[in-house]
């Protein structure tokens, strides 16, 4: 007898669970927007040095707009890049080179004499192409050329906030409850995310993004726990997978919003303001009865169980489930709650230590490979809004396959296989020539699909492996490695300058190691949630 039996008595997966899971999942539509927002708010538009009064300067040389179009005119002011096909982004000629406008001057001849022509940095700033983005933080604060690494730094700072949130909110929710921390996280994300849109400087923008990232962790961690702690054992796989589709669909929602607005401030506002609505309706949620009992608040737990029974149209169970019945079902858990638990308990005992160490590696590699593929969409040479939609679409079949695998083969096999298949796609892409862009994009999409399926599995798997008394601390502790992976992923891309294949080798190698380690985790398919550390040690 345990809490799972009580859930079945009050309707199993009934009307309350449907409403509860749906309301918790809807914010997932905009969670993808938070994590992948940098692709659009920090998009890198085409740019070149600003040339003040170039038209009037050309007129002084008797060159009219009817004779030479604007792009051709720029050739007299701006050198070509190393490829000889595009204008340089970071330099301009000290003096206009009018002879380059002559029709018999070839690009090859221009390149041959390039070293003889004196150039300088962009002293008057940059002019940005507005065909793809009207405004981004890059164009707003000129994060180009020597400041180009600032673009990736803003994403690393955001992920640093997600990392800090995983550590802080994980422990706080085990102490103060899932509902309270989730409500606060909604409010923090809505308020600070909206404030980000009014940032007067890049430093202010980064500070707000860091604080927003903390709130994102609070939302994700507490949403997962509130879901799994109110649903029956047999429904966890289906609920976990279907809930992840909200995140997947959210990737396409992001592409649609970004395409329609194209201004980073409006986009930032559009994906954060709805969290005020989520904050308002989150007061309807029921606190986890498991957590309440284990924190010696059984009277409140009983009220929530009675509420669930009434919503599930099981009014007769209100009379049958008394305090004595509740304490009888959770006697072992209540006894365990008298002991204070800390993060040290995650590695204190043999099985808990094995679980924690394995999960740390799996979380790191899943996030590392995922964001390595998903956070540099402009490199594919395809319309950025289209590639974002494609990246979202491929997740649907991958997650449906994962759902079948989670249900029939179990968590362990699914987790390991998804990571190994992701590694295979990444490694294969290394040997595909760069001019075969469609094949490279297809393989990248498949690799991203498998890492996304791995994410679906690991959230469910982790929640099932850790006991209730320390579940949130465990989720926060292990998912911390996910945040480290997401912070490290952009930094690895810098290594492309040394060896183009090196980032892919690192991403794929990490996925292989994690895929093998995943097979050392215990299987949790159709096993009731453990409530105490003793349950974990006895089961596995």
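Cβ coordinates come from backbone N, Cα and C, glycine included.
Any TrEMBL annotation is an automated prediction that lacks curation.
Model, not experiment: these values are computed from the prediction.
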267-286, 287-306, 307-326, 327-346 - the one TrEMBL records as transmembrane segment: 267-286
Given ranges 107-126, 127-146, 207-226, the stretch to which TrEMBL attaches the annotation transmembrane segment: 207-226
Annotated transmembrane segment segment (source TrEMBL; candidates 180-201, 444-465, 466-487): 180-201
Beyond the flanks of the transmembrane segment (416-433) by at least 6 residues, Cβ under 8 Å: 362, 365-366, 369, 373, 402, 405, 439-440, 443-444, 446-447, 450-451, 453-454, 457, 501, 504-505, 507-509, 511-512, 514-516, 518-519
Recorded stretch, among 156-173, 180-201, 238-261, 355-373, maximising Cβ pairs under 8 Å relative to the transmembrane segment (267-286): 180-201
Criterion met for the transmembrane segment (207-226) and the transmembrane segment (156-173) (at least three Cβ pairs under 8 Å): yes
Stretch in 180-201, 385-409, 501-521 most in contact with the transmembrane segment (238-261), if contact is a CB pair under 8 A: 385-409
Tertiary contacts of the transmembrane segment (501-521), as residues 6+ beyond its ends and Cβ separation under 8 Å: 354-355, 358-359, 361-362, 364-366, 368-369, 372-373, 411-413, 415-420, 422-424, 426-427, 429-430, 451, 461, 465, 485, 489, 492-493, 495
Contact set, same chain, for the transmembrane segment (180-201): CB under 8 Å, 6 or more residues outside the stretch: 27, 34, 141, 165, 169, 172-173, 208-209, 211-212, 214-219, 222-223, 226, 265-266, 268-269, 271-276, 278-279, 282-283, 285, 287
Folded-back contacts onto the transmembrane segment (385-409), same chain, C-beta under 8 angstroms, at least six residues removed: 32, 36, 39, 237-238, 240-242, 244-245, 248-252, 254-255, 258-259, 374, 377, 417-418, 441, 445-446, 448-450, 452-453, 456-457, 460, 525
